[in-house]
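Chemist: Swiss-Prot feature annotations, pasted as is:
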ACT_SITE  91  active site, proton acceptor
ACT_SITE  340  active site, S-methylcysteine intermediate
BINDING   111, 115, 118  [4Fe-4S] cluster binding site
BINDING   163, 164, 195, 218, 219, 220, 296  S-adenosyl-L-methionine binding site
DISULFID  104-340  disulfide bond
DOMAIN    97-329  domain 'Radical SAM core'
């Protein structure tokens with residue numbers, strides 16, 4: 001199975017070109033064809049020799065993904081199901097924001113973090129995506145606009161799809177390098193956000209990288225007892241260890257951290273939890289921001305329901321009065337399989353049902 005050419009960073013593409021006995025500038029030409037002109041085959045790279053094109057075809061594919069289901073929401077959100085070369089499935093989401101076009105990418109097939117409210121956790125981790133498979137999600141969504149002759153470009157990326165990005169650390173870092181490269185898609189690092197669940201040692205590593213990508217942490221509870229009950233990762237990385245790493249990140253990078261807090265009715269959305277959260281954040285108040293997220297119900301997690309508006313507003317008001325920076329996140333795609341992992345899980349469930357029906361007609 002040949003890898004995608006998108007698996008190469010600009011640097012490793014230069015190294016590959018030199019290994020083929022070509023001049024280094026050929027890497028820039030290939031890079032421009034891929035990310036500026038966004039061709040779909042090596043044959044379209046008309047300023048390359050036939051010999052180099054043959055080597056590219058022999059060793060790489062351009063696009064490693066096949067497009068499957070596409071769901072479009074009334075609010076402009078588009079959810080894609082892509083098939084990987086080994087037949088496994090992933091999902092990607094396009095969101096039309098007031099500030100531009102934002103794409104949410106997946107980094108793993110399935111997820112082992114096991115958050116008890118999340119559809120992604122219903123799909124056990126099968127493998128990591130390589131850099132090329134993550135980059136290809138962006139390129140295929142951009143193709144959606146290119147083919148329509150629309151002069152629109154993806155401007156923002158959120159790494160919040162299925163999987164824990166820092167459990168696939170090196171591939172995710174190479175994805176950032178590729179998509180941020182100023183000779184390619186040139187999506188600014190500050191327009192990219194990576195959302196993680198709390199691998200504290202990786203937060204420290206990320207701080208030392210000097211990458212300008214925004215960091216978001218899935219917190220969802222203000223104390224260890226509650227967080228451990230809904231996020232099993234907290235048993236390995238309790239809040240004390242997590243916040244020590246976050247404080248190191250803030251001190252090292254001088255950058256703000258966003259905390260994601262999903263609102264689960266009568267679980268974590270009370271005024272008492274808002275007060276606990278304010279206390280937890282008091283030492284990093286000026287360097288933190290809280291995203292209050294309305295819950296998209298998942299039928300397999302029917303122990304949870306969406307917080308009523310009045311409870312969300314009471315939580316928000318309490319946090320604001322204590323000096324917290326927070327916002328209630330705008331919803332997208334509520335009329336489709338909107339929750340992370342929901343489209344993929346529902347597709348897999350339907351496929352299983354069809355298989356059972358075929359065996360037991």
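Cβ from N, Cα, C; glycine included.
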Chemist: Three-state secondary structure of residue 104 (disulfide bond) from DSSP?
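Modeler: DSSP call for residue 104 (disulfide bond): strand.
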Chemist: Residue 220 (S-adenosyl-L-methionine binding site) to residue 91 (active site, proton acceptor): how many Å between their Cα atoms?
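Modeler: Here the two Cα atoms lie 23 Å apart.
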Chemist: For the C-alpha pair, I'd like the distance in angstrom between residue 164 (S-adenosyl-L-methionine binding site) and residue 111 ([4Fe-4S] cluster binding site), rounded off.
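Modeler: Cα to Cα, residue 164 (S-adenosyl-L-methionine binding site) and residue 111 ([4Fe-4S] cluster binding site) are separated by 7 Å.
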Chemist: Between residue 218 (S-adenosyl-L-methionine binding site) and residue 115 ([4Fe-4S] cluster binding site), what C-alpha distance do you get in Å?
Modeler: 10
Chemist: Find, for the listed recorded positions 104, 111, 115, the residue with the lowest Cβ contact count at a 10 Å cut-off, counting only other Cβ atoms.
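Modeler: Lowest Cβ count within 10 Å among the recorded positions (104, 111, 115) is 115.
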Chemist: To which of the recorded positions 91, 164 does the lowest count of other Cβ atoms within 10 Å belong?
Modeler: 164
Chemist: Nearest to residue 115 ([4Fe-4S] cluster binding site) in three-dimensional space, by Cα, is which of the recorded positions 91, 195, 219, 296?
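Modeler: Minimum Cα distance from residue 115 ([4Fe-4S] cluster binding site) across 91, 195, 219, 296 lands on 219.
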Chemist: Here's one to test understanding: among the recorded positions 91, 104, 163, 195, 219, whose C-alpha is closest in space to the C-alpha of residue 118 ([4Fe-4S] cluster binding site)?
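Modeler: So, spelling it out, the nearest of the recorded positions is 163.
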Chemist: Note down the number of other Cβ atoms within 10 Å of the Cβ of residue 219 (S-adenosyl-L-methionine binding site), including every protein chain shown.
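Modeler: Summing over all protein chains shown, residue 219 (S-adenosyl-L-methionine binding site) has 28 other Cβ atoms within 10 Å.
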Chemist: What subset of the recorded positions 104, 163, 195, 296 lies within 10 angstroms of residue 91 (active site, proton acceptor) at the C-alpha level?
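Modeler: Cα filter at 10 Å returns 104.
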Chemist: Reduce the DSSP letter at residue 218 (S-adenosyl-L-methionine binding site) to three states and note it down.
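Modeler: SS state of residue 218 (S-adenosyl-L-methionine binding site) = strand.
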